[in-house]
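S.K.: Next up is a structure, given as structure tokens.
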Amino acid sequence: MDFLLLGLCLYWLLRRPSGVVLCLLGACFQMLPAAPSGCPQLCRCEGRLLYCEALNLTEAPHNLSGLLGLSLRYNSLSELRAGQFTGLMQLTWLYLDHNHICSVQGDAFQKLRRVKELTLSSNQITQLPNTTFRPMPNLRSVDLSYNKLQALAPDLFHGLRKLTTLHMRANAIQFVPVRIFQDCRSLKFLDIGYNQLKSLARNSFAGLFKLTELHLEHNDLVKVNFAHFPRLISLHSLCLRRNKVAIVVSSLDWVWNLEKMDLSGNEIEYMEPHVFETVPHLQSLQLDSNRLTYIEPRILNSWKSLTSITLAGNLWDCGRNVCALASWLNNFQGRYDGNLQCASPEYAQGEDVLDAVYAFHLCEDGAEPTSGHLLSAVTNRSDLGPPASSATTLADGGEGQHDGTFEPATVALPGGEHAENAVQIHKVVTGTMALIFSFLIVVLVLYVSWKCFPASLRQLRQCFVTQRRKQKQKQTMHQMAAMSAQEYYVDYKPNHIEGALVIINEYGSCTCHQQPARECEV
């Protein structure tokens, strides 16, 4: 538009006297964008872009005009005063992150109408006036993350119809005002993660028809109601990781195009049976590290488009209600973490869910959960309230509110006696199989040795034969020695003659009388 006016001005001046032409021509040239003045000391200039970074500046440089971009990152700015950037009417982006800014006046960005990108992250801002962004209607991206914002002014984002990206991560925000984003019709990315949100109002996100990604992770939310996200028809990704959510419900029956949902790291114990019927296009779901004990068959039926799911780290009850989940996992063609462990009952603690179903014959009187039979083994719950216990009593032949996929049936769950018998049988079978396996290994080793090392086996056999022969020789010698000793004592006959014995020496002779021997009883 400026160039069109300039052309008309020149055309009109060419038809006037020369003096008038020169005067008016000078006035017209003042309408042109001013060239940037000299580059401030220690700053870096690249054409009409100025970078004054990490210089410990406490104020913005003065006498700057004609700039298209200004970066004052990593300095020591503490306050943004009214009219501080008045001369930068051509500015399109402004970086003020990593300073010590704690106060922003309402008219600090006056006359910065052309700014499209504003970064105020990593400062100490505690509040922003309602009129902070009013002078910048062309904003596309605003970064307020890593500050100390505790509350948001109700009209803070009023008039920002071109805003597409908004970062408010890692503040201390406790509440999102109703319809605060009403004018942000072009917003596609919104991050309010790592704050202190305890609840959400029903119309907090009203007007965000083009929003595709919403981050609410690491807050203090205790309940998720899908009615809090009305008419977010373009939303594809919702992150609610690491909150304190215990219940997931949906009080509005409407369909949205959500494809990815992260609910991991919460305290979820109950989900309404129809809660996922409002997201028929859901492809990725994270439910790991919660307190789920079972999943309703109606919920499993609504997971028709899933290609990825995580369920580990929950308190799975491997009892009456595990059959539907086991069958669904058997038939699931996508990716899942595969580390689902039983938390109860006691005899199944620590076992993999699918292994427990097979080992303890939990479903259909011991039948294995295959080919979708298990999904019809559990009756759909008719009530929508939280379960009184993880093992809900099923009525024989009763009819619940269901969508026609599951048929009512009874599930045989082993009692205490049957469970103990099953455990004992399982141990006996396991021990027998281990023994047979060990025997087969020994036979295999002998067979391989006989085939591969025949000479060694012959030597080993000769050693055994020689050793046995030596043992026999020793036994024979011992027997012969014992027999000779017995014959010596049995055949002994004394040759002495009863009477006097005369011993003669050089001094004379002695006479002694030998008495016959007597046997004494001992």
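Including glycine, each Cβ sits where the backbone N, Cα and C put it.
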S.K.: Looking at the candidate ranges 122-141, 382-401, report the one that Swiss-Prot labels region 'Disordered'.
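M.R.: Spelled out, Swiss-Prot records region 'Disordered' over residues 382-401, not the other listed ranges.
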S.K.: Return the residues near Asn130 (N-linked glycosylation site), defined as same-chain residues 6+ apart in sequence whose C-beta is under 8 angstroms from its C-beta, sorted by sequence, else 'none'.
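M.R.: Once residues fewer than 6 apart are set aside, Asn130 (N-linked glycosylation site) is near Gly106, Ala153, Pro154, Asp155, Leu156, His158.
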S.K.: Do you know the DSSP helix, strand and coil residue counts for the repeat 'LRR 1' (64-87)?
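M.R.: Helix (H, G, I), strand (E, B), coil: 0 helix, 5 strand, 19 coil.
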S.K.: Is it possible to get the count of other C-beta atoms within 10 angstroms of the C-beta of Asn63 (N-linked glycosylation site)?
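M.R.: 8, counting other Cβ atoms within 10 Å of Asn63 (N-linked glycosylation site).
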S.K.: Which value does the mean pLDDT take for the repeat 'LRR 7' (209-231) in this predicted structure?
M.R.: 94
S.K.: Just to verify a number: CA distance, Asn63 (N-linked glycosylation site) to Asn56 (N-linked glycosylation site), in angstrom, no decimals.
M.R.: 19
S.K.: Pull the DSSP breakdown for the repeat 'LRR 7' (209-231) and write it out as helix, strand, coil residue counts.
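M.R.: Going by DSSP assignments, the repeat 'LRR 7' (209-231) contains 3 helix, 6 strand, 14 coil.
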